[in-house]
Amino acid sequence: MMSTRTFGETIEEYEVQHLLGKGGFASVYKARCLHSHQDVAIKMIDKKLIQGTGLTSRVRQEVEIHSRLKHPSVLQLYTFFQDVNYVYLVLELAHNGELQRYMKQHLLRPFTESEGATILRQVVAGLLYLHSHNIMHRDISLSNLLLSKEMHIKIADFGLATQLKRPDERHMTMCGTPNYISPEVVSRLSHGLPADVWSVGCMLYTLLVGRPPFETEGVESTLNKVVMSEFMMPSHLSFEAQDLIHKLLKKSPHERITLEQVLRHPFLKRTVGGSSYSTTPGALNEFSQSLASSDSGIVTFASSDSRKSHRLRSVDNSSGQSMPQIMEEYLPSSNLGYDSKEHRPVYEQHGSYLPTPGDQLENRDAKWPGTNNLAPFTSDSDMIPSPVGEKRLLMPPLETKRLQPTRYKTKNAIMSILRTGEVVLEFVKFKVKYNEDRITDICRISEDGRRIIIYQPDPGRGLPIREHPPDPLIPSENCVYNYENLPNKHWKKYVYAARFVGLVKSKTPKITFFSSLGKCQLMETMTDFEVRFYSGAKLLKSSTDGVKVFNSNGAVLSDNGCAEARNLIDHGNECFSHCVNISNALELAQTKENTCFPVTIGRRPAADMHAGQRFDGLRDTTNFAYSTPKSNQGSINFSVSTISTTRSASDYNSNTPRLNMLAAHQNVPIKRITVPEIGIVTELSHGVVQVQFYDGSMVSVIPKVQGGGITYTQANGLSTHFGNNDDLPFAVRDRINQMPQLQMKLKCAPLLGNARSVDCHLMTPKTTTPFYNRMII
């Protein structure tokens with residue numbers, strides 16, 4: 001930085017020229033220093049206005065931060081001073097003005113990818129400098145990127161910037177420009193440096209497309225789109241550009257690409273070539289140099305786009321305290337030491353670090369769980385005191401990572417996990433006026449469990465029940481909460497959702513391991529575990545039911561101390577520890593972009609496999625060994641106080657001779673057709689009709705002679721059996737509605753080549769080992 005003595009310390013030492021921009025609290029003028037004869041921009045901030053509106057701390061904070069900065073990509077603050085009426089900031093003059101105005105009024109087109117990459121590189125270099133000093137800008141937008149006389153990018157407007165005590169510190173302030181603000185900031189969640197990364201993604205999209213990714217006619221609708229992270233990617237952009245934008249605009253801040261990774265991304269490698277910062281204008285040389293402007297600060301420049309670039313200012317939840325007089329805080333810049341704690345902004349003391357979901361999942365105990373994690377949370381012991389004495393939920397935020405989309409209906413609610421990972425609860429009440437159940441309350445929870453939206457759709461009437469949740473809606477900002485400030489009247493809804501997610505996790509395999517004795521599956525809960533032994537025995541471990549051991553005949557071994565049960569339990573303990581160790585190792589190996597789960601380790605020993613099950617690892621994946629599907633998961637019964645699983649009892653008539661013959665023979669396909677846009681329909685020799693849908697799910701219709709009912713297998717392998725009188729979930733009902741049409745097509749299909757031999761076998765029964773319910777892929 002040039003010495004402050006080069007610049008005047010009073011306004012009389014400057015020749016103030018024409019107005020560059022004007023806002024509610026400040027005006028920016030072009031000026032010339034009478035000492036150095038250098039052109040500068042002077043921001044004149046009205047002290048009466050900022051003191052009357054509580055912005056004194058904002059100005060003090062801006063000066064505290066900006067005065068320490070020196071980087072080619074950051075607009076320089078030369079000096080500052082004050083008189084009775086104004087605070088003056090003497091700034092570097094950016095001759096070519098705002099990048100947004102330049103693109104709209106002079107370039108008259110979006111930037112090319114080469115030009116966009118040059119701009120991106122300079123912005124990222126400047127942000128890396130800021131982040132290295134734990135400074136979060138919080139308002140990166142094209143309006144706050146200025147162009148110097150040499151067409152270099154200058155990051156300006158530090159009115160919303162904040163100094164963090166450490167890189168992982170989080171803040172709760174709602175601020176920024178709507179088109180560039182991140183989802184966690186809109187949702188009033190704790191946020192940190194990744195919020196600037198999101199803004200960089202919006203910036204890059206705007207440079208290459210010509211408009212922001214979430215732009216709408218109104219601020220509220222824009223913020224709704226931001227929260228849902230919904231935007232259209234133009235097809236004309238290169239693969240590298242699309243990939244980088246997608247990585248920058250990840251909804252979860254923990255999944256976003258880092259600024260260091262941006263510099264190594266193929267988009268910059270391809271279009272710029274090299275990773276070092278360069279001050280050469282490069283692709284910007286063709287730009288004309290016809291605008292004059294300066295740091296906008298708190299100024300909002302008047303333009304035709306002012307409606308769309310309206311900024312959200314000062315919605316800080318911690319700004320209720322009285323601020324010291326500004327005169328006491330404006331010290332010479334030489335006294336503003338970077339590490340000087342006494343000169344840090346006052347608001348820092350109110351920042352709070354909130355642990356991420358990953359922090360709360362560390363150090364899991366690799367032992368059998370001994371407590372019920374799904375116990376009701378209804379007493380005072382279910383809450384813990386916060387630092388200010390208010391009570392909070394004891395349970396950690398829910399998380400739906402890797403859970404497949406699903407939808408379940410209970411008496412009072414419909415619960416869904418969407419493809420985005422969002423959890424939706426639709427609470428149902430019977431409306432006499434409509435003579436039907438209607439959706440009266442909706443609770444939407446983000447995949448990390450930290451953003452909650454609760455509202456009443458169409459109050460007084462409700463919505464009719466549909467096959468899928470209602471479209472996302474945020475009626476007002478009062479409907480949006482975060483995990484830390486959720487009112488206690490909504491805690492039961494959150495607990496209800498968390499139990500639903502917990503139950504789905506308890507049925508979703510994370511690690512599948514084939515040991516020497518059986519197939520082991522560690523579920524996403526990291527506590528639920530099962531072993532299906534090749535002998536037919538089974539061991540189940542859950543946080544609700546403890547350990548259950550079944551012998552090869554399916555009977556429960558009530559005495560876990562007997563030799564048979566002890567051997568099975570010992571092997572289960574050994575495999576459980578092994579699976580937990582595998583999980584911990586893979587957790588360290590995976591990256592934000594690439595997950596290692598779910599994973600399958602090993603395969604069933606060939607000596608224990610039925611001859612019909614052996615296969616070459618390179619065989620066609622459609623060459624299955626089929627059997628009559630059976631249920632391995634009961635229908636789900638929820639209540640606010642308890643969650644349990646119940647099995648539908650089906651009466652199997654095992655006395656008929658034909659059923660004995662069927663049980664003695666392998667269940668093989670006799671007909672198979674492929675239906676476009678649906679999947680593969682197969683009829684098995686035992687009479688079962690299976691439909692393998694292209695989304696990975698499967699429906700099996702079982703004939704009455706074998707007990708009847710339907711088995712639905714989700715894409716993740718989770719199977720549920722439904723009796724003839726059971727209430728079917730929407731996903732199953734939708735698929736079952738297609739069955740009559742598919743069965744008609746199947747009737748017209750010719751028999752497969754092995755069908756005749758199957759019929760001959762059925763004429764002459766033989767004693768063979770029953771083929772267990774197993775599918776080899």
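Cβ atoms here come from the backbone N, Cα and C positions, even for glycine.
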From 291-310, 371-390, 431-450, the residue range that Swiss-Prot assigns the feature region 'Disordered': 371-390
When counting Cβ pairs under 8 Å to the domain 'POLO box' (669-748), the leader among 14-268, 390-507, 508-611: 390-507
ASP139 (active site, proton acceptor) and ALA26 (ATP binding site), distance between Cα atoms, whole Å: 18
Nearest-integer angstrom distance between the alpha carbons (Cα) of VAL28 (ATP binding site) and ASP139 (active site, proton acceptor): 19
Rounded distance in angstrom between the Cα atoms of LEU20 (ATP binding site) and ASP139 (active site, proton acceptor): 21
Count of other CB atoms lying within 10 Å of the CB belonging to LYS22 (ATP binding site): 15
Distance [Cα-Cα, Å, rounded] between LYS22 (ATP binding site) and ASP139 (active site, proton acceptor): 19
